[in-house]
């Protein structure tokens, strides 16, 4: 069976999931078995098949499982959002279509050779940084400068910026990785990069710190800087560079912690979510994180079932705030239990495995680094938000890729997927017997 | 009441999801077992070359000598035009081998040159990122001809005899 037929076959389970999920939500809501869920399943399948046909024509050898895995995540997102709020699900479905348009657009535009991106690396880097600075023009949301209002649309530039920065770093490190290794000297058992090439590394660290102070959000800074360190490690094979980077990042985070009360209150909420004083604090308290843990515990092993999680009682303020964005993972755990939550994480794990596999197969350094970087930022994003919701690390507001409500997140992650598939197609075509 | 249907749908949902994951991960596991490349062979023991001292690195002075050499085209840390004498065969890689490459994309024992009668044969030793002969991925042993380009990671050599 060739790659594209596998892909088509793998889209069928995703469609079944949409149909079953919607049917279950209908039953819960109106106590009737509605054939509308079949219609939704059919529309979902039609959209996925349309994107699949574009892949079939442009990237015949690309990884067959990446797109179906993403379709499964999108299905989770649509079903959960529909269960929370029909209006949100309708908007999300529109964004899903927009995302697919950008996905196919990226593929068609770069189908000949995605390495043309290298030529525009400084423009792309500048664009990425400007995007990150954009939210400073507006007002902070929950103490962080992450979103930007563009007319009626609230837009999270960090989502797009992560791709721009990975493209830049992949292209930059392709050129400089050799000099970083060759001039390195050992001091006190640690290998330091040569001084004159330490400059760029420090510049990236400085940019990450600047971003940390500008957007004032540890989670997205961790995502950017972690992606950078993953790239440096893959490009140079020197674990010491990663350790130096982590030490520098910890230093910067410590300084920010000392001077910004928002960060401090987040860390407090993370350490002591059930402390009454913190729990009842109006702004920056631990109410959200405590409720998130309660609802995950409520899920048990197999969950409460679709539509059964208690999100809101009557018309009062929601029990679980931001259930459609930051805490959608908690809702999934509540309704599908440990089994459902583990399945979601497994889907991400498999996407990441396919991504790194693509990087291993790629023949040129830029493609290798690009696939590694894109996969690493995606993995870190999942880690940051799931870690935050499960109280492993302090909570920060990044989206759960392909599941959370949010236009810019869906669009940006579809572009990321398109780039991975572009790398994958070239790599697998060269390797294929 | 449709309660049982609802519960049934939830379990059906989870079942489909896990069957799907099982299917995808089976192929992922197959990939991992096969190594980085489809049908890659297990590393070959380097009994032909053994551990003789590192080949002398000498500058090609164009004296018309006819010993097989790997001439540096672009190798990190080495200048262009330097050459390795590979008449008795050699191993290339990042580890403790005859031709050491300062290249993070090279495996520790990456590729091997062996003398077979009058010709020199190049073979990939199951490396992670592959060896390229004239920009084509090396699959199995191949004889070298004068002017062939050998690429490992970012290091490129030209073969001359």
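Residue positions begin at 1 at the first shown residue.
Cβ atoms are placed via backbone N, Cα and C, with glycine included.
Taken straight from TrEMBL:
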{"type": "TRANSMEM", "residues": "A:39-58", "note": "transmembrane segment"}
{"type": "TRANSMEM", "residues": "A:65-82", "note": "transmembrane segment"}
{"type": "TRANSMEM", "residues": "A:94-110", "note": "transmembrane segment"}
{"type": "TRANSMEM", "residues": "A:122-138", "note": "transmembrane segment"}
{"type": "TRANSMEM", "residues": "A:202-234", "note": "transmembrane segment"}
{"type": "TRANSMEM", "residues": "A:241-259", "note": "transmembrane segment"}
{"type": "TRANSMEM", "residues": "A:327-349", "note": "transmembrane segment"}
{"type": "TRANSMEM", "residues": "A:369-390", "note": "transmembrane segment"}
{"type": "TRANSMEM", "residues": "A:402-423", "note": "transmembrane segment"}
The transmembrane segment (A:65-82) touching the transmembrane segment (A:327-349) per 3+ Cβ pairs under 8 Å rule: yes
Paired segments the transmembrane segment (A:65-82) and the transmembrane segment (A:369-390) in contact, 3+ CB pairs under 8 A: no
Non-local residues, at least 6 beyond the ends, that sit with Cβ under 8 Å of the transmembrane segment (A:369-390): 114, 117, 162-163, 166-167, 169-171, 173-174, 219-220, 222-224, 226-227, 230-231, 234-235, 289, 292-293, 296, 326-327, 329-330, 345, 348, 351-352, 355-356, 358-359, 362, 396, 398-401, 404, 413, 416, 419-420, 423-424
Outside the transmembrane segment (A:94-110), six or more residues from its ends: residues with CB under 8 Å to it: 47, 50-51, 54-55, 58-59, 74, 78, 116-117, 406-407, 410-411, 413-415, 417-419, 421-422
